[in-house]
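Here the structure comes first, spelled out in structure tokens, and everything after it is commentary.
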Amino acid sequence: MIRTTFATAIAHFHTHSHGGAQARPLQNNTREVIHCPEAWLVKIVSTLFVYRVPDSDLCFCYLSKNLNPFISFEVVKKLDNNPHIGFRFWEFSRFKLNIRHSFWTYNLLTRSLCKAGLHDLAGQMFECMKSDGVSPNNRLLGFLVSSFAEKGKLHFATALLLQSFEVEGCCMVVNSLLNTLVKLDRVEDAMKLFDEHLRFQSCNDTKTFNILIRGLCGVGKAEKALELLGVMSGFGCEPDIVTYNTLIQGFCKSNELNKASEMFKDVKSGSVCSPDVVTYTSMISGYCKAGKMREASSLLDDMLRLGIYPTNVTFNVLVDGYAKAGEMLTAEEIRGKMISFGCFPDVVTFTSLIDGYCRVGQVSQGFRLWEEMNARGMFPNAFTYSILINALCNENRLLKARELLGQLASKDIIPQPFMYNPVIDGFCKAGKVNEANVIVEEMEKKKCKPDKITFTILIIGHCMKGRMFEAVSIFHKMVAIGCSPDKITVSSLLSCLLKAGMAKEAYHLNQIARKGQSNNVVPLETKTANATLAAC
């Protein structure tokens, strides 16, 4: 059938491409206008390879005469939504028909294969590309090294990187790989790559160092990042404002405000570069997190004097800082000031204010802001809900808290354990463990898995009600799903079992904890364990 169809299609192709007595205009009811004869061939070949690799002499002979690199590229492009079939065509045309494919065919198909997760096939194509004498450009190499690194194939990505040193603009390739590794939290791999392969190359630029500094600061290694700043000039690279902003943020994150402040002063002096809104916002954020609101406010005044206008982020940082410090009047003043600068309060602003009011016991004011948010058409996020739920539980308003939990689905908010845990804890402390169990069932139905805190709350709650067998059952479920109990969980359960005269169960439970020690299941402390054994 396929052979007959192909023969008919070939005849049709020749009719329109070579003219003669058989050639005639297309009818008015034809669905597709054929602009050139090659389009027919592209369509025929694409359709043919969707079903099978041609194996008849007729197909082979015809394709060997009429396929060329241009038509081959068009076929690959038509099959772009199915790269596996595109690879099948490329493999057939290269090895059976000796088609020398263009860079654009290799570029398109290797990208499509990677996007489909077919990295092994993409790797094969890349090797053939090199053996065919087709050189990749820096954009393709940059894409490939990032894609292979994301797939976990760092060895191949590194091999591609080493080849890029021969390509103009290799900095782009280097930075693509380093950036991918940092995004994947593989900062050690990024630094190892730099130390082993990049220190002795000329393909590093300021962006290279900025990526590494960002990665190190992100994992709390601001001091190590500072060392990179010191060696940049040796590579012919000068730090820019992004470099300094990243370091300031890193030191603030590590609670090293003195070092952040020193670097801020260097930038402010103009000896290295001029500060921008990110510089000031980073430093303000550091002071706010440390509770130094006077210094943070002073920096806001300073940046305004210099004509550096704050953004929503700047104001939100200040609102959050004052709210956490319990200075709600000042927090509200900042909200008013941000409007005067054309920065309008958003969900982050309101969430910080709600958190502040709940912290000082003014939950009703928090709900007034909640209503204001809804009136403005703002959608509360998971943190907004969590703050109010926790505040309600602290006031033993458990039914209202549960009502808020019920709104999550209608608001398209993905439920998280930290939203449910305060409510479960509240019902357990009130002795209503059955209600707590129902809530856990509800969260599991919503694909929200209980975490270590959830299980610990349930275990202690059941113990306090004397429901020891249920508590032990919850413990076994916790271990079975790979959630490792901590010392509080284990010691609380064992203590309750011993008090209930269930020494044998306590012994077996502690043995389970010891067996799971290598998997981070924490056994009972030795002294208590000995008491358990003695009781047995």
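Every residue gets a Cβ built from N, Cα and C, even glycine.
Here's what Swiss-Prot has on this protein:
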REPEAT    102-136  repeat 'PPR 1'
REPEAT    137-167  repeat 'PPR 2'
REPEAT    170-200  repeat 'PPR 3'
REPEAT    205-239  repeat 'PPR 4'
REPEAT    240-274  repeat 'PPR 5'
REPEAT    276-310  repeat 'PPR 6'
REPEAT    311-345  repeat 'PPR 7'
REPEAT    346-380  repeat 'PPR 8'
REPEAT    381-415  repeat 'PPR 9'
REPEAT    416-450  repeat 'PPR 10'
REPEAT    451-485  repeat 'PPR 11'
REPEAT    486-523  repeat 'PPR 12'
- request: Would you mind listing the long-range same-chain contacts of the repeat 'PPR 6' (276-310), meaning Cβ under 8 Å and 6+ residues beyond its ends?
  value: 241, 244-245, 248-249, 251-252, 255, 257, 260-261, 264, 267, 317-318, 320-322, 324-325, 327, 330, 338, 341, 343
Message: Give me the DSSP three-state residue breakdown of the repeat 'PPR 5' (240-274), ordered helix, strand, coil.
response: 25 helix, 0 strand, 10 coil
- request: Take every residue in the repeat 'PPR 5' (240-274), average their pLDDT values, and give the whole-number result.
  value: 92
Task: Go through the chain and flag residues at least 6 beyond the ends of the repeat 'PPR 1' (102-136) whose CB is under 8 A from any CB in it; none is fine as an answer.
output: 69-70, 72-73, 76-77, 80, 83-84, 86-87, 90, 94, 143-144, 147-148, 151, 153, 156, 160, 167
Statement: Lying 6 or more residues past either end of the repeat 'PPR 3' (170-200) yet within Cβ distance under 8 Å of it, the residues of that chain are 138-139, 141-143, 145-146, 149-150, 154, 157-158, 160-162, 164, 207-208, 211-212, 214-216, 218-219, 221
Field: For the repeat 'PPR 1' (102-136), residues assigned helix / strand / coil by DSSP
entry: 26 helix, 0 strand, 9 coil
